């Protein structure tokens, strides 16, 4: 295979909000450059979204890559490396890795919907990575498309000159050849020194049953060849390279990858944990001293417990999580036991969509039936003895008398909404203890910035936002800092026994409402037993809400015909004693639905 000069390589990513046509544009680029024949493309959409769940939800979760060959109008042959990045806020880490491997971005905006909140976040990521950005307006063939208005919006909101934005319809292929020319003329080539020591960026890694761990790399300097001994600078692990190649989107083997090229390697790596995303790869025999800048390990933001409904599935769940961890560096888990739910795992996620997707993948790919406990965030606690601790599980909270102060994480949220729903959106943010920072208008849409406690967002904020705005509002957030908060630990007691899986940290002002809603829900779903079951919500020793499940009535006097009243009384007293004893020692069966419903309660 002939080596293409570095000036003829273009590494670019496509940045867009969910559902603005990013993966469809990628399909067209692959088709036009001959990456896949029309026959192979037939009946296939979103070629790069390999997971079913990605296609169904219309979202990209893993960053994908493909190499395309293109002969431009100037008669030269070019190599395009396209990185298809996720668009959702939870996967911002995957976006930042992919962007670091590229020099330019195509900003795809739906001409009928305009700029959305996550478009903004991802564009800022691209600008931070020093990218040249080419605006592309998609879906211009729709009757609702307003390209001029959207161009103006790109200039007003993002501050990019959109006068020469490329107009396309990715679905029909209209204007897509112009995108290819714009990539050649408007995006810069990579820089790199072929003669230098190997320096490469680890962009992503996943597990393949036959090949072991497949590592996606972007070579910065030097050459990566078969048989070479490489070292991961972050973990210090060394390996011999077995295969080198790239995706077209099919795996294609080559002898070496030069500077500026993006491809994959395999090296008999058993654990994806050894290949930290964002790590620097170098030659083991003459390593470089400085790592590539700007990468940090992904830090989980939202935590929740996952427990198998059937206790026998515990080992299957452990193996399944291990497999998902292979493909998802940002998912973490540790073992946890719960008196109510048995053995399970405490898992850390990047955000709520990430949590939902992991849950769905566990149930789909591994056929597991799971219960998830209430999501929580990391709280910092200053104790009276001067020490500080961090907890993300309410069960680990120390005694109240030992705590001097609790701090909770806050986020800055950017919400874009049509102005007719602004009132409902502001009320929602206000109810969630938000502080409004700014409000600006972009055409007929309002852009609001709010400071909100993350604790209030992880439950159901996104769903509520979509329902108050009829699905039109878009939302993006980033963590800002920790602030002191008046938080209390609320426990749910069933028959005077605390149910650890339902305990949570809530703000004092919201505790009563949430507690009442949870006990009412539990009352509906716990079946009657032979004895009375009190369901209580408590903060410390104080009960803030109570409901009672009535006992089943068993008529012990049925066998007495007439006769002496003392006989009946004796039987009733005996039953009373038995019920009292049963209440002391009896176990209440809490059905799974009761847990799930209590955790989904909206206060």
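Numbers here mean position along the shown chain, with the first residue as 1.
From the backbone N, Cα and C atoms, a Cβ is placed for every residue, glycine too.
Database features, via Swiss-Prot:
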- 19, 20, 21, 22, 23, 24, 138, 139, 140, 141: GTP binding site (BINDING)
- 7-191: domain 'tr-type G' (DOMAIN)
Problem set entry | Reduced DSSP assignment, residue 23 (GTP binding site) | helix
Exercise. 23, 138: which of these binding-site residues has the highest Cβ count within 10 Å of its own Cβ?
Worked result: 138
Exercise. Non-local Cβ contacts of residue 140 (GTP binding site) (under 8 Å, 6 or more apart, same chain)?
Worked result: 111, 147, 167, 168, 169, 174, 175
For this session: Average the per-residue pLDDT over the domain 'tr-type G' (7-191) and send me the rounded value.
Result: 75
Exercise. How would DSSP class residue 138 (GTP binding site) in three states?
Worked result: strand
